[in-house]
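According to Swiss-Prot, the protein has these features:
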type: ACT_SITE; residues: Cys16; note: active site
type: BINDING; residues: Lys19, Thr47, Arg48, Asp49, Asp67, Asp90, Gly138, His139, Ser140; note: ATP binding site
type: SITE; residues: Lys19; note: site 'Important for catalytic activity'
type: BINDING; residues: Asp50, Asp90, Asp226; note: Mg(2+) binding site
Amino acid sequence: MSTEVRLTQYSHGAGCGCKISPKVLETILHSEQEKFLDPHLLVGNETRDDAAVYDIGNGTGIISTTDFFMPIVDDPFDFGRIAATNAISDIYAMGGKPIMAIAILGWPIDKLAPEIARKVIEGGRAACKEAGIVLAGGHSIDAPEPIFGLAVTGIVNIDRVKQNSAAKVGSQLFLTKPLGIGVLTTAEKKGLLLPEHQGIAIETMCRLNKLGMDFAEVAGITAMTDVTGFGLLGHLSEICAGSGVQATLHFAKVPKLPEVESYIAKGCVPGGTGRNFDSYGHLIGEMTELQRKLLCDPQTSGGLLLAVLPEAMDEVKAIARCHGIELTAIGELSEQQSGRVLIEVNE
């Protein structure tokens, strides 16, 4: 769908790249105030997981999450689809099934027509329909910049919850979507994106991570998270810190969007990349400039990052193949050693 309005001109950030940096977020969330503890809350924010999980009895957990951001593309319908797909992904990343969503909309009503906002909502509704859920309501405010996202509710068998803090030594790492979304969308804004690469990032961002529901059945997947605004290294460092392991990443094996290296060489690097490295670069071993700029690239609606025990690798690859995805191990986890960085990157 084409539009005369370029939504990205009305926002200072783009997609998950407009997230508050991990370093600043740590300051915001740190509190000396005594926390209210609820024994039924199985997953909270202690390990920066993708969603909260609450035990409602009978072996069932309710998953609750929210995600919203400013436009990463100009087309309002695509913006709505991408934002909704990204929000729903958190449910899949926990191994859950989404059941309902409500919309979050901020709109500069003095700058952008309400008809454009309607197209954004329609895009969000389309993504919800593809996920098999209803967009049941929402809340809107007059805001200086366009913002859209969802609060999503899901369900999960509490014995099958996948967390980012339970990875085991010896697990192999897999990523279900290629990296470079931030790079390609930046290239498009700069007018440098080649015609043959038009739409690739949008297609990737709009692909639901439904296979997370199937991965929930695999006991050998010891940790799972989705890769979004903090980049691959940021989310992998959360797995390592929460699980007490360290990782070795093989850069050549990491899936990448077409020609992403050449776009990086042309300066198509979003601002979030530097903020990410500033926040967790001290946890990473030596890298080349190319490795740093791609592995810290903020992803919007990125893929699932899995830690898989060797005996479950064939089953995981078969599940992915049923969803049209060929998986290759991109690294492995080992025992965390004192004084060592959490992640080593090699060629």
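Placement of Cβ uses the backbone N, Cα and C atoms for every residue, glycine included.
Near Gly138 (ATP binding site), with the C-alpha within 10 Å of its C-alpha, lie none of the binding-site residues Asp50, Asp90, Asp226. Apart from Asp50, Asp90, Asp226, the Mg(2+) site neighbourhood in this chain, defined by C-beta within 8 angstroms of the site C-beta centre, holds Asp49, Ala51, Thr65, Asp67, Ser89, Ile91, Tyr92, Ala93, Met94, Thr225, Thr228.
Counting every protein chain shown, the Cβ of Asp90 (Mg(2+) binding site) has 27 other Cβ atoms within 10 Å.
Counting in whole angstrom, Asp67 (ATP binding site) lies 9 from Asp90 (Mg(2+) binding site) by their C-alpha atoms. The Cβ of Asp50 (Mg(2+) binding site) has Thr65, Ser89, Asp90, Ala93, Met94, Asn164, Thr225, Asp226 as same-chain neighbours under 8 Å, each 6 or more residues away in sequence. Mapped onto three states, the DSSP output places Asp50 (Mg(2+) binding site) in coil. Just so you know, the Cβ of Ser140 (ATP binding site) picks up 16 other Cβ atoms within 10 Å once every protein chain is counted. Listed in sequence order, Asn164, Glu238, Gly242 are the same-chain residues at least 6 apart in sequence whose CB falls under 8 Å from the CB of Arg48 (ATP binding site).
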